[in-house]
Amino acid sequence: MAGSSSSKEIVDAVEKWMAFPTSGGGGATAGLEIVAEDAPSGSSGAHQQQAWRPVAPATAGRDSGGTGSGKSSVDGGVGRASHDSLPRVSQELKDALSSLQQTFVVSDATRPDCPIIYASEGFFTMTGYSPREVVGRNCRFLQGPDTDAAEVAKIRDAVKHGRSFCGRLLNYRKDGAPFWNLLTVTPIRDDNGKVIKFIGMQVEVSKYTEGLSDKRMRPNELPVSLIRYDERQKDKAMSSMTEVVQTVKQPRGARAPADAALLTPPKMSDADKMAAMSPVVAPGTPSGGGGGAGSFKSPLWDLKKEESRLSRLASGRKSGRSSLMGFKIGKRSSVGSREAPAVVEEPAPAPPPAPEVVERTDSWERAEREKDIRQGIDLATTLERIEKNFVITDPRIPDNPIIFASDSFLELTEYTREEILGRNCRFLQGPETDQGTVDKIREAIREQKEITVQLINYTKSGKKFWNLFHLQPMRDQKGELQYFIGVQLDGSDHVEPLRNRLSENTEIQSAKLVKATAENVDDAVRELPDANLRPEDLWAIHSMRVSPKPHKRNNPSWIAIEKATNLGEKIGLKHFKPVKPLGCGDTGSVHLVELQGSGELFAMKAMDKSVMLNRNKVHRACIEREIYALLDHPFLPTLYTSFQTPTHVCLITDFCPGGELFAVLDRQPMKIFREECARFYAAEVVIGLEYLHCLGIIYRDLKPENILLQADGHIVLTDFDLSFLTTSKPHVIKNSTSLKRRRSQEFLPPTFVSEPSTPSNSFVGTEEYIAPEVITGAGHTSAIDWWALGILLYEMLYGRTPFRGKNRKKTFYNILHKDLTFPSSIPVSLAAKQLIHGLLQRDPSNRIGSNAGANDIKQHSFFQDINWPLIRCMSPPELDVPLKLIGKETQPKAKPDEDVPLNLDTF
């Protein structure tokens with residue numbers, strides 16, 4: 001009992017530290033609210049809550065019982081308003097909404113039962129109901145016997161309190177057929193903050209969700225599925241919802257969406273797949289070339305060219321961290337204008353922004369879009385972006401079940417992910433499947449060896465296809481069997497009738513392709529933690545001891561840490577006294593803490609274990625811990641210790657009293673730096689990135705929020721949860737000298753270059769800073785960090801990023817296609833524009849830094865006044881608004897000897 005009590009005390013202590021209130025049923029969706037122009041007469045919160053209560057089932061063709069649904073007829077049934085009293089929407093709004101491709105409804109929150117006042121065409125197609133059966137009714141008619149009542153309760157609670165919601169629940173079509181619906185609910189408020197409408201966006205995810213398979217557990221109590229898909233789908237849904245919300249807010253500004261191909265990757269025929277033998281990670285032009293059949297592709301691969309345009313809106317923006325903290329940093333402008341393609345020597349003319357435009361802030365842009373636009377996004381691992389037919393099975397679980405299936409495999413076989421996760425692959429067999437070939441596969445599994453065979457398999461509908469199947473075992477670092485990788489290739493179009501099998505030449509070429517795919521899958525899976533690890537072993541690296549590195553081992557912080565460890569205790573949460581919160585992100589928080597009895601201040605990053613598990617970020621957290629342990633550089637943070645609690649993992653690093661560069665930039669006149677200041681900060685970023693690349697680290701999340709300022713004004717790059725760690729490839733480039741230099745006996749020394757050796761293809765980064773090759777899925781190298789440097793320099797000089805759009809899809813389109821322009825209203829040197837232009841080359845091979853790494857950039861004329869070897873000894877240029885240091889003294893005064901409590905309301 002004593003042990004149990006002690007454990008409870010630990011958990012309670014952790015909860016007191018870290019139990020930040022969530023944003024409601026919708027998690028990250030709570031920020032998606034907008035302010036409308038006009039405020040109709042309102043209704044009480046009770047009416048809104050009532051809108052989501054289940055009613056007795058009465059729909060024809062639907063099984064009775066369970067959660068039930070309302071009537072589908074247009075009579076005066078439950079939840080049905082009379083036809084004459086139905087709320088109306090303006091024709092202008094109808095026209096604007098009809099241009100959207102999303103499936104959604106708009107409900108009137110000011111009327112009892114929140115009746116639907118508009119439903120998109122996609123909603124009728126998805127559900128099978130007619131407009132007459134939908135408009136004027138509450139959405140509960142989609143519920144049925146197996147709809148999760150707990151999820152419905154979450155929706156009801158979100159509606160009652162005027163919050164957003166995003167979750168997956170089982171709904172039913174008019175004919176009674178069930179489908180998985182990813183529902184996103186967002187409130188629309190009037191100028192007084194009262195909810196007047198709700199938007200409910202539906203995305204059918206039956207094909208790709210794990211469904212009830214997420215309840216299947218391994219012996220280690222972790223899910224059978226290697227990837228958790230719900231959070232992936234929620235992230236995509238939230239991005240799509242922004243366009244709907246913006247259209248409701250500003251119907252006049254709505255335009256017909258681009259072609260559907262914007263969101264649909266090109267499908268290749270199997271003949272093309274077998275004919276194209278390019279490697280899976282291939283260099284290519286971000287505008288669409290270089291992909292080949294073997295390239296990674298993303299949902300935005302085939303973006304089509306359209307007229308480049310910028311909205312002439314001004315918008316405020318907030319730091320990704322500070323917006324969640326509630327800090328009032330001030331307004332930032334984002335003024336765009338239609339400009340000609342950028343010519344560095346002669347920047348296109350642009351009218352100077354009018355003061356009233358700069359100061360005006362649109363409610364959506366300022367209050368909602370800003371809450372997530374600067375957050376790092378993690379949309380897919382490299383494994384998920386391999387567009388080939390393959391599965392991964394785990395032989396350590398009985399019956400060797402499937403733990404991962406690619407989207408392409410689902411398309412080929414017609415099965416849903418829910419139907420195959422946790423099952424053995426034998427469901428593909430049928431009447432004409434050769435049992436002798438099946439026996440060969442079974443023997444290869446027993447002997448743990450690879451094999452390539454061809455056999456007849458069957459889709460879910462019974463259609464047979466010739467499957468060129470490659471089985472390859474995957475072993476861990478100890479050489480023990482970990483997984484099997486099974487790659488399929490449909491060769492039905494290449495079967496020779498007389499031989500009743502694939503032609504010899506096709507078989508040879510196809511075998512090469514499936515083996516290459518298996519190798520790429522093998523590499524990609526190794527980025528993820530072993531699914532068979534015990535939960536406590538997942539975080540083992542955070543309990544490892546941290547040893548001081550040479551350059552900082554004698555600084556006061558390390559002396560204080562070692563003094564504490566010399567007492568024989570392992571440092572943990574109890575050794576630190578909370579001072580105040582510094583920031584909060586989507587997976588954790590950062591606190592200013594003091595080491596008990598030392599007076600030394602540190603930054604503590606705390607990450608919620610359950611959130612990391614649900615969002616497929618365990619490997620990200622472990623890689624970040626591994627990277628921190630490698631660093632020993634004045635422009636990078638020092639890791640002093642790390643530990644875990646029952647609910648969190650924590651990193652103790654340097655506290656930077658200068659705060660984020662973002663906040664410093666925001667306080668400057670016009671929200672920009674003078675060029676000498678921008679040059680200094682950019683130069684130190686180059687030095688930091690050069691060091692990271694030398695260690696084999698691709699940073700992947702450079703932005704002002706992740707650049708902290710030390711007390712002396714020098715920078716520290718922080719946050720490595722999206723970084724990629726591989727090996728580096730050092731080499732020396734001999735510089736050729738000109739005749740003039742040879743005559744004067746001035747010889748250039750050789751150049752040392754060390755860049756990460758292995759490309760990656762994870763879809764990670766921050767929306768405005770993501771490089772084109774990340775979006776297209778062509779595979780990326782450390783060159784993406786130099787792209788981000790170009791965006792950073794542009795933002796420091798112009799107060800905005802060059803490719804930002806009104807939503808994520810538009811931003812990504814701009815990154816791939818929009819011309820780079822330089823507003824003439826802000827004076828910037830030609831050298832700066834040339835450097836930005838060179839860094840923002842869409843083809844990575846043409847980008848400055850792609851050949852000799854940081855050396856290319858350091859030699860640019862923009863940095864000619866920088867003394868690179870002595871930059872850490874330089875005094876930073878004076879800012880127009882001086883650096884304001886933060887620390888214990890900035891906390892509101894407390895009584896003597898009284899601990900300053902954490903203000904949990906900040907989160």
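Numbers here mean position along the shown chain, with the first residue as 1.
Backbone N, Cα and C define each Cβ position, glycine as well.
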The annotated region 'Disordered' range in Swiss-Prot, which must be one of 28-84, 712-768: 28-84
Of the residue ranges 332-363, 492-523, 876-907, the one that Swiss-Prot records as region 'Disordered': 332-363
Whole-number mean of pLDDT values that fall within the domain 'Protein kinase' (576-863): 92
Residue, out of the modified residues C139, C425, whose Cβ gathers the largest set of other Cβ atoms within 10 Å: C139
Binding-site residues: R156, R426 - member with fewest neighbouring CB atoms within 10 Å: R426
Residues of the domain 'PAS 1' (89-162) by DSSP state, where helix covers H, G and I: 35 helix, 10 strand, 29 coil
Long-range Cβ environment of Q202 (FMN binding site), under 8 Å and at least 6 residues apart: T103, F104, V105, F123, M126, N171, N181, L182, L183
By Cα-Cα distance, the member of binding-site residues R156, R426, Q429, N467 nearest C139 (S-4a-FMN cysteine): R156
Euclidean distance between Cα atoms of C425 (S-4a-FMN cysteine) and N138 (FMN binding site), Å: 42
Listed in sequence order, residues with CB under 8 A of N467 (FMN binding site) and six or more positions away: L428, Q454, L455, I456, N457, Q488, L489, D490, G491
